[in-house]
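What Swiss-Prot annotates here:
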type	residues	note
ACT_SITE	Glu179	active site, proton acceptor
BINDING	Asp41, Ser42, Asp80, Lys110	3-methyl-2-oxobutanoate binding site
BINDING	Asp41, Asp80, Glu112	Mg(2+) binding site
Amino acid sequence: MNVNKFKSMKGKKPIVMLTAYDSVFASIVHQAGVDAILVGDSLANNVLGYSDTLPATMEDMIRHTQAVRRGAPEAFIIADMPFLSYQCSSDEAVRNAGRFLKEAGANAVKLEGGSFFSTTIERIVKSGIPVMGHLGLTPQSVNVFGGYKVQGKGDKSAKYLLEEAKALEEAGVFSIVLEMVVEETAKMITENLSIPTIGIGSGRFCDGQILVINDLLGMNPSFLPKFAKRYSNLFQISLEAVKNYVSDVQNHRFPFEENVFKAGE
């Protein structure tokens, strides 16, 4: 997979993406046949224990992107640019975006926001770094939105999102994530762009879909977004496995005969 092949899939075959944050899950996700892996800044609230994405740092993202690359050497990997890694200046944005390719082995970066960042995106792309855009609910701006709210509900909001999407396309992004955009608006945007849209909570008519791996696997039993589907219950499976281990040790059932070394072997 590369940027050109990714773009060519628009309207032909649904694009499948998932997040991954470490080498083990990167290997699983890649072997399962996803088209691209996103090392999301959702690392912060899915792995590092924070309540939202804002605390993720460049060093966090670089380190985990490196791990994902080690786990999936042949995968198409997109790395999220964390909060304040590109907002302060275009120079800093280019420098930080370049680190993901040079140090971490990413193929592209993703950044949130619309036309306000067009100049920054243009500079990053002209520096040889592919950029994926992100519109709709942009979690790094959750304090501006006043919460995690569905976007694009009215005609005015839908028109605004389309204009922003076209601005990103003109700036040079190769694809756009649409997050928590009402299905009708996401469909309209998808039909009016020449680049693929990747939906997360944005209905059935985007060019592709992405989910957070933790949601898909059921790793957080107390939370599941409306737009996600839980394909497993890994938290409960893991909990039962650890409970069985605790019980075996406490009741002298582990180690088993086959787990011990003996003299003369």
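Every residue, even glycine, has its Cβ placed from backbone N, Cα and C.
Overlay of Swiss-Prot feature records on the structure.
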residue : record                               : Cβ within 10 Å
Asp41   : 3-methyl-2-oxobutanoate binding site : 29
Ser42   : 3-methyl-2-oxobutanoate binding site : 22
Asp80   : 3-methyl-2-oxobutanoate binding site : 30
Lys110  : 3-methyl-2-oxobutanoate binding site : 25
Glu112  : Mg(2+) binding site                  : 24
Glu179  : active site, proton acceptor         : 22
C-alpha of Asp41 (3-methyl-2-oxobutanoate binding site) to C-alpha of Glu112 (Mg(2+) binding site): distance in Å?
11
What's the CA-CA gap between Ser42 (3-methyl-2-oxobutanoate binding site) and Glu112 (Mg(2+) binding site) in angstrom, rounded?
13
Measuring Cα to Cα, how many angstrom lie between Asp80 (3-methyl-2-oxobutanoate binding site) and Glu112 (Mg(2+) binding site)?
9
Just report the maximum Cα pair distance in Å for the recorded 3-methyl-2-oxobutanoate binders Asp41, Ser42, Asp80, Lys110, no decimals.
12
Mg(2+) site shell beyond Asp41, Asp80, Glu112, criterion: Cβ within 8 Å of Cβ centroid
Gly40, Ser42, Thr53, Ala56, Met81, Pro82, Phe83, Lys110, Leu111, His134, Pro139, Gln140
Whole-Å Cα distance, Glu112 (Mg(2+) binding site) to Glu179 (active site, proton acceptor), is 10
Can you tell me the CA-to-CA distance separating Lys110 (3-methyl-2-oxobutanoate binding site) and the residue listed as 'active site, proton acceptor', as a whole number of Å?
13
